[in-house]
Ligand code: SF4
Ligand code: SF4
């Protein structure tokens, strides 16, 4: 098919006219902050209480832009005769954002949930050396990390929650059992639970219990062990 002369020009003019009549969309930054998606990769926040200085993030970072310093501390034994333990104490945690390529590997590999993405992006500097941010700044960014999305209501309960719920139920049941009053003795069933409980009149004491003497009477001397059954081979009929 032969091209119509001037077709390209008409098409270009149509695009120009359409764009001219469309309402412009200008972001009024910095007067108005942009609404970023919650999973934006702005900067990395550090929750240093969770960091055990395992060095995994620094080892896995493809740009080698995470700097960690630490020292060891001895923790005394918690029980007498126990062993002393040593633990790592974080001295420095810094990320050079002039080298970081925002791949997120450090966040993925951290086994203790100490690193998080924050949507914060206003950390431009005029000197490249000032793009290395230390732990205080990384901690400050931690408070800009959005809350995680709500759990799927149809999802299986996490095993940590299930275990915690089970332990709480068990403790509650034990506390309820301890707080419950002991059952009151029924009328005519005696006054105590020990082996010296007074049986009601007309009842036989349970085997192995010693009946209490009636008031005003002395307890009869203990007759000693009851004679055993006769041994068929014992001509005298005595006990062994
Ligand atoms: S996001 Fe990637 S490049 Fe940046 S510090 Fe983490 S691992 Fe390194
Ligand atoms: S991987 Fe996590 S716990 Fe280990 S040093 Fe890095 S931030 Fe700390």
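Positions of Cβ are set from backbone N, Cα and C atoms, glycine also.
Taken straight from TrEMBL:
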BINDING   51, 54, 57, 110  [4Fe-4S] cluster 1 binding site
BINDING   61, 100, 103, 106  [4Fe-4S] cluster 2 binding site
COMPBIAS  156-172  compositional bias 'Basic and acidic residues'
COMPBIAS  173-207  compositional bias 'Low complexity'
DOMAIN    42-71  domain '4Fe-4S ferredoxin-type'
DOMAIN    91-120  domain '4Fe-4S ferredoxin-type'
REGION    149-240  region 'Disordered'
*When the Cβ positions of the binding-site residues 51, 61, 106, 110 are compared with the atoms of ligand 1, which fall under 6 Å?*
61, 106
*asked:* Which binding-site residues from the set 61, 100, 103, 110 have a C-beta atom lying less than 6 Å away from ligand 2?
replied: 110
*Reported as an integer number of Å, what is the Cα distance between residue 54 ([4Fe-4S] cluster 1 binding site) and residue 103 ([4Fe-4S] cluster 2 binding site)?*
20
*May I have the list of same-chain residues other than 61, 100, 103, 106 whose Cβ is within 8 Å of the Cβ centroid of the recorded [4Fe-4S] cluster 2 site, in sequence order?*
44, 57, 60, 62, 63, 65, 66, 95, 101, 102, 104, 105
_If you compare CA-to-CA distances from residue 110 ([4Fe-4S] cluster 1 binding site) to each of the binding-site residues 61, 100, 103, which comes out shortest?_
61
*Cα-Cα separation of residue 57 ([4Fe-4S] cluster 1 binding site) and residue 106 ([4Fe-4S] cluster 2 binding site), in Å?*
4
*Identify which of the binding-site residues 57, 100 has its Cβ surrounded by the largest number of other Cβ atoms within 10 Å, counting every protein chain shown.*
57
